[in-house]
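For 1-237, the entry in Swiss-Prot reads domain 'Deacetylase sirtuin-type'. What Swiss-Prot records for 13-32, 94-97, 179-181, 205-207, 223 is NAD(+) binding site. Taken from Swiss-Prot, the feature substrate binding site applies to 57, 60, supported by sequence analysis. The active site, proton acceptor annotation in Swiss-Prot covers 112. The Zn(2+) binding site annotation in Swiss-Prot covers 120, 139.
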């Protein structure tokens with residue numbers, strides 16, 4: 001890096017929130033907190049056993065709001081980057097928590113949904129929802145008697161705000177991936193899209209991802225250590241411009 005950046009796109013995955021105590025989906029055995037993905041993260045699972053699915057996300061929602069779950073140094077550094085950079089910072093996250101927002105980031109795209117929101121199964125109306133969702137709980141905002149569900153993108157469903165994401169990737173002059181495995185598409189392909197439009201690319205991870213060869217620069221270690229260091233470097237270049 002030797003010149004200031006004006007359009008930075010940051011992709012974050014489970015690795016950035018793991019340091020804050022958020023348990024992650026284990027792709028190698030298809031389990032999420034000892035539940036089969038087919039049972040708790042698919043439309044079919046919800047149709048088959050809505051009580052199980054609601055209970056699963058209710059527990060995750062309660063955990064997220066526990067006072068012990070806080071944004072870590074990586075989240076805070078990205079919030080500082082957005083506040084201080086003479087340019088635009090877009091955070092695209094695969095995570096369903098609100099730690100980026102609590103860390104100070106405002107321009108956040110949740111491509112997999114948000115745990116603290118609920119959605120009407122019929123109208124797709126989305127509302128803020130910090131309490132448990134009960135089976136049989138109807139939509140509060142429309143007249144259609146339809147079950148409320150977590151505002152989460154399940155396997156087999158379309159990711160959210162993809163048009164905005166690809167527009168941001170086209171404009172990016174720096175693309176940073178933090179805490180991602182590089183095995184879940186379309187997110188795993190974002191580095192290639194950004195490179196095609198001329199962005200410098202950096203990977204920050206505990207270990208090389210499945211797409212590490214796409215990155216021009218690699219930094220391996222804890223996100224809470226590596227992200228603040230990178231942000232300091234970017235802002236130092238910015239002040240010299």
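Even glycines carry a Cβ here, placed using N, Cα and C.
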- Task: Determine the minimum-neighbour residue: among 13, 21, 179, listed as binding-site residues, which Cβ has the fewest other Cβ atoms within 10 angstroms?
- Result: 21
- Where residue 60 (substrate binding site) and residue 13 (NAD(+) binding site) are concerned, what is their Cα separation in Å, rounded? 17
- Closest of 57, 112, 139 to residue 179 (NAD(+) binding site), Cα positions, recorded positions only: 112
- Item | Top Cα neighbour of residue 17 (NAD(+) binding site) in the set of binding-site residues 57, 120, 139 | 57
- Item | From 57, 112, 120, 139, the recorded positions whose CA lies within 10 Å of that of residue 94 (NAD(+) binding site) | 112
- Candidate binding-site residues 13, 21, 120, 139, 206, pick with smallest Cα gap to residue 112 (active site, proton acceptor): 13
- Item | Alpha-carbon spacing, residue 57 (substrate binding site) to residue 120 (Zn(2+) binding site), which is rounded to whole Å | 15
